[in-house]
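Straight from TrEMBL, the features:
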type    : residues                                                               : note
DOMAIN  : 31-363                                                                 : domain 'Aminoacyl-transfer RNA synthetases class-II family profile'
BINDING : Asp100, Leu101, Thr102, Arg127, Gln143, Asp147, Arg296, Tyr300, Tyr301 : L-histidine binding site
Amino acid sequence: IAKEVAKLLEMKAQLGGDETKHKFVLKTPKGTRDYSPKQMAIRERVFDTIIACFKRHGAEVIDTPVFELKETLTGKYGEDSKLIYDLKDQGGELLSLRYDLTVPFARYLAMNKITNIKRYHIAKVYRRDNPAMTRGRYREFYQCDFDIAGQFDPMIPDAECLKIVHEILSDLQLGDFLIKVNDRRILDGMFAVCGVPDSKFRTICSSVDKLDKMPWEEVRSEMVGEKGLSPEAADHIGEYVQLHGGLDLVERLLQDPRLSQNKLAKEGLGDLKLLFEYLALFGIAGEISFDLSLARGLDYYTGVIFEAVLLQPENDHVEEPVGVGSVAGGGRYDGLVGMFDPKGRKVPCVGVSIGIERIFSILEQRVEASQEKIRTTETQVLVASAQKKLLEERLKLVSELWDAGIKAEVLYKKNPKLLNQLQYCEDTGIPLVAIVGEQELKDGVIKLRDVATREEVNIRRETLVEEIRMRTSRP
């Protein structure tokens, strides 16, 4: 026996040693996060605002699988393709987690032969990025997309997408914002007349896109030094990309001796002129800026592109308001559906994506700073009792309220103290308490207490539901 015990102890020691080697770490995977009830309450408030806007504009909702065939996603994102999460081969299909909601939408249209739809889609997407979680960048995050697909007269759907961005950012009360607009064709036309070789369009484009983060001198030296562009071509580009304005700038460029000679640029400017006329009718032209430095990750865009940035208020040290970062972006992509269609049939599309994670981090910080109390439940009334031995009566009443569609709770104790029940309402923000008492039961009434004012009234049991509804429907 002693021998066996020694052997077992030795085995135990070995296992114990292993335990210390493989210490289980309790954490979420890199680039992901949990959401507490308080954070979810803020998140739901934001989603409700956004969905209400999408529905106001007549959008339908769709959903697609969280993973797609790998080849569906390949070749659609340019340089960013390296950030796609590939899954292990399971059952003969090579799969990847979706990287955005636009490519699955295009696949859905082509697969179902849909040529006309206005849809929204809110879901998680995945990117194998090096996350900067402090700035609202994650590996798993929500996207919030609205798209209009179909053959329509120019710029009417595009103007509506900009109106939607304007409505959502105004409704969320995030502060001042600016929506920058440009057109892929104007950029390509500008590169052509400035002497950029065709083969360098994409790479020069990605340099231009850095102008919101870097001064022109640094962007110019990247173009010339790293990307081999001639200094003359870079200087010509510089004359254009530092311009921003409204309809007046569009009209000025239509008269520009170089740009007006370029077919693509002329088409793009003609469409932007129309766009600004529609934006003026929508009453939002004041917050829209035609900005020739806006390039966006341009792999599938074919026409108008736009991006919304929040502005920090002006102060004594800063002449102009500064952008805090992009909170929405989108544009026209007329060729994407055709990439999936066996016959190459094109379905023109324009859409917008709301940068929901960045909006959450702004609102969360704001709530922290203001110490505003956020309710995490929607309970309208707590069913309480003032004396002992009334559990059955409380359960009967709470059940009646639930059946009538009232959001109600009861404490899970047989004989809770009235003070504890009232304290629970204070802590969770429940506005009303329905108090059951022996005398009230005899009289056929319930004592209804307003938690904030501490005012109590006796309400006949048969009118209690009506009274609760009336008191909690007030704004």
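Note: Cβ is positioned from N, Cα and C throughout, glycine not excepted.
All annotation found in TrEMBL is predicted automatically rather than curated by experts.
Worth saying up front: this structure is predicted, and the values here are computed from it rather than measured.
Cβ-based neighbour count (10 Å, all protein chains) for Tyr301 (L-histidine binding site) stands at 23. The number of other CB atoms found within 10 A of the CB of Thr102 (L-histidine binding site), across every protein chain shown, is 23. Cβ neighbours within 10 Å of Gln143 (L-histidine binding site), excluding its own Cβ and spanning all shown chains: 19. Neighbour count (other Cβ atoms within 10 Å of the Cβ, all protein chains): 17 for Asp100 (L-histidine binding site). Confidence for the domain 'Aminoacyl-transfer RNA synthetases class-II family profile' (31-363), expressed as mean pLDDT, is 89. With Asp100, Leu101, Thr102, Arg127, Gln143, Asp147, Arg296, Tyr300, Tyr301 listed as the residues that bind L-histidine, the site has a largest C-alpha separation of 22 Å.
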